[in-house]
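Undergrad: Structure in structure tokens, see below.
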Amino acid sequence: MGEVVQMHFTTVDYVIFTVLLVASAGIGLFYAFSGGRQRTTQEFLMADRSMSCLPVSLSLLATFQSAVAILGAPSEVYTFGTQYWFLGCSYFLGLLIPAHVFIPVFYRLRLSSTYEYLELRFNKMVRICGTVTFIFQMVIYMGVVLYAPALALNAVTGFDLWGAVLAMGLVCTLYTALGGLKAVIWTDVFQTVVMFAGQLAVIVVGSSQAGGIGEVWRKAVNGSRIAGLDLNPDPLERHTFWTLGVGGIFLMLALYGVNQAQVQRYLSSRTEREAVMSCYVVFPCQQIVLCLGCLMGLVMFARYGEDSPLKKGYVKTNDQMVLYFVMDVFRDLPGLPGLFVACLFSGALSTISSAFNSLATVTMEDLIKPHFPSMTEAKATLLSKGLALAYGLVCLAMAYIASIMGSVLQAAFSIFGMVGGPLLGLFCLGMFFPWANSIGAMVGLVAGLAMAFWIGIGSFVMRISAPTPVPLLNTSALPLFDNITSTVMTAVVSTTTAKRRPTGVEALYSLSYMWYSAHNSTTVVVVGLIVSLLTGPMKEKELTPGTVYPVLGTLLFFLPERYKEKLCCVTPLAHKPSEINMQPYQMAKKDSNGAPCCKFNMATENRETVCDTALTDNQESGTGITLPSCQLTAHTVQETAL
């Protein structure tokens, strides 16, 4: 085994990296001193709900296209082949469902924090539990996502580790704390362009040096790296069509359906229509990103074949192998290594800035404002900026902790995914099952988190104590950071020799990581429904209009009406057909000034009617949909029945 080989950057490379930081900081400063100058929480946290489709969609793409994914996908394809490509099949439903289910509900309620929904649907305690769970998830993750790529870069290139960490952390904190969500979204747009440019440069130059794309494909076919359609239904198999195409849907829903960082971008859109369109626009972008990652992996294989830098001992881990490949390809092209590093850290910046902003939002809206309802707008805005700054410092502290965690780094990445599934289950429980009550929601969330950590930690411990399996295709298999949606990064791979099939609890620990979100979210829903039925299902009159998506009544069409009513399927979102004498979407009552008549106080959970005028026609701008709405007094939340 050789020693780790370092290839050093030139002055031009450092200049390009510096330009990335300066440009990102410049965008933040521009929005800090332009427009409304971030004087209100609506502008700072929600971009004044004025963003158009294109920047929102590119920001959605960049938010979870982290540096880990940029390094992980090519390594995955190099090591195991293109089976990972079938993850793209999950994008269809993974983005269509948020577009037509989650976005309409969240947008029409006019929320700032996703977890406000949980109080409207259940109660304040469920909201607080959801918020605290999300904060735990993001705080653990954001430091690691900053430190891990810097560590890989340092190992391969000698790039100053803590210089990179501090520069990225401080610049990200600066533009997030000063420029608010507008700055975050527009820097995401800039960083997305840089990410595409960096990956394209590697593919173009690398394939040219290998003899062209045709030669790359030929070598990949000869090396058995082009995978066919694997329809094996075994959930223990790491990657098959079902684990990627179906299990991946739940991973996508956890990210694009209910995660605060993404929902906040939907809610910043000018209209509901633009929010929905952003999901449609991000779909082809996600496919392009996936293809670029897979192509990089194939170009790597065309260059090294079975003699990988990892096998030769030039690098220690798979994620370092991608950086070694980039430095090797660009060794005679000064500036291009710097472009890829800018691409790499653009992924880190976009993820971290989104974490800062979303954490500041949920902390302000869910933990502070409800206890200080008389706080002035100026103080609330200043405090929001202070929270963004504080979370930036916490990120740097977490990066330092990550530096002394060693092998526990993988566990930290796993925590992000383990928490995502139960949170998805909690929102699905409230949105699709009208009879689910607050007790069921609390018990279901606890059960889902317990199941997630039990399987996740058990799987992690088992892999540490077990011998390393002989991998397929004669390559080295180390734990791989597939992407940030991965829960536990499974190192269990198919082998060239027969192996014993796990049974009992061992089989549970061997479950493909792609099924973790599905398994854990289903646990929350099933336990929540059972507990709700045992403790007394929620009544129709107790439901806040606009919080339940009208799907269950349609699915249970075969049940008599009296049973539907017992299951609370007749909700403000799913009227009995006999009661519908006009369009399904109607406007709520308004007073003589045009204000909605129905008010809801979150603190007292009392609803009061403030006028008795007749229904009037109206439409939400840009949607073409006429809908009923009730103005909520807490945090200017507008409650709307779909």
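For all residues, glycine too, the Cβ spot is worked out from N, Cα and C.
The feature transmembrane segment is assigned by TrEMBL to 53-72, 84-107, 128-149, 161-181, 193-213, 239-258, 279-302, 339-362, 382-402, 408-432, 439-462, 513-534 (among others).
How buried are the listed features, and what sits near them?
TA: Here the transmembrane segment (84-107) has long-range neighbours at 73, 76-77, 114, 117, 227, 229, 239, 241, 244-249, 251-253, 256-258, 262-263, 266-267, 269, 272, 275-276, 279-280, 282-283, 286-287, 290-291, 294, 427, 431, 482, 546-547, 549, 551, 642, meaning same-chain residues at least 6 beyond its ends whose C-beta is under 8 angstroms from one of its own.
Taking Cβ pairs closer than 8 Å, the transmembrane segment (128-149) reaches residues 66-68, 71, 113-115, 118, 165, 168-169, 260-261, 319, 344-345, 347-348, 351-352, 355-356, 358-359, 362-363, 366-367, 391, 394-403, 409, 412-413, 415-416, 419-420, 422-423, 426, 442, 445, 449, 481, 484 in its own chain, all 6 or more past its ends.
Same-chain residues lying 6+ beyond the ends of the transmembrane segment (161-181) with a Cβ under 8 Å from its Cβ atoms: 21, 24-25, 27-32, 38, 43-47, 146-147, 150-151, 153-154, 187, 264-265, 268, 345, 348-349, 352-353, 356-357, 385-386, 388-389, 392-393, 395-396, 399.
Tertiary proximity for the transmembrane segment (193-213) is limited to same-chain residues at least six positions away from its ends with a CB under 8 Å from its CB atoms, namely 20, 62, 65, 70, 219, 288-289, 292-293, 295-296, 299-300, 302-303, 325-326, 329-330, 333, 336, 339-344, 346-347.
Residues of the same chain lying 6 or more positions beyond the ends of the transmembrane segment (239-258) and with a Cβ under 8 Å from any Cβ of it are 60, 64, 80, 83-84, 86-87, 89-91, 93-95, 97-98, 101-102, 114, 229-233, 279, 282, 417, 420-421, 423-424, 427, 485-486, 512, 514-518, 521.
Note on the transmembrane segment (439-462): residues 118, 122, 125-126, 129-130, 133, 410-411, 414-415, 417-419, 421-423, 425-426, 429-430, 487-488, 490, 505-506, 508-511, 516, 519-521, 523-533, 535 of its chain, located 6 or more positions outside it, place their CB under 8 angstroms from a CB of the stretch.
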Undergrad: Between 279-302, 339-362, 382-402, who has the most Cβ pairs under 8 Å to the transmembrane segment (53-72)?
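TA: So the stretch in question is 339-362.
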Undergrad: Sort out the residues at least 6 away from either end of the transmembrane segment (382-402), same chain, that have Cβ-Cβ distances under 8 Å to it, and list them.
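TA: For the transmembrane segment (382-402), the nonlocal Cβ contacts are 38, 41, 44-45, 139-140, 142-144, 146-148, 150, 165-166, 169-170, 172-173, 176-178, 180, 352, 355-357, 359-361, 363-364, 368, 375, 409, 412.
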